[in-house]
Amino acid sequence: SLVELGKMILQETGKNPVTSYGAYGCNCGVLGSGKPKDATDRCCYVHKCCYKKLTDCDPKKDRYSYSWKDKTIVCGENNSCLKELCECDKAVAICLRENLDTYNKKYNYLKPFCKKADPC
């Protein structure tokens, strides 16, 4: 769910997921879609594509369990869809951390300027 995703982003990046990524670029946040503006925005684009592959669970609402061991996210689900959901969220959180150097405040609230993205 959005709760676990937010916790993962905070743990990996140290940034508030809502204020830092909730309206970032063309793809971060619930309403985002469009050609990525930078590597950070591309993380969110890939994340949305990952979500599109999930058919048996709701990424925004369905809860899953994970642990934070030695600064590493460990998904802990037996249900295959929830495990995949956790892995999608884990991947975006790690991607955002790995691309912290591309984060640019000018890309917050950019949605009206987004061009159509390539399909996943």
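Using N, Cα and C of the backbone, Cβ positions are placed for all residues, glycine too.
For Cys88, the cysteine that Swiss-Prot lists as its disulphide partner among Cys49, Cys50, Cys120 is Cys50. Within the set Cys81, Cys86, the cysteine that Swiss-Prot bonds to Cys75 via a disulfide is Cys86.
In the three-state DSSP assignment, the secondary structure recorded for Cys75 (disulfide bond) is strand. DSSP classifies Cys114 (disulfide bond) as coil under the three-state reduction.
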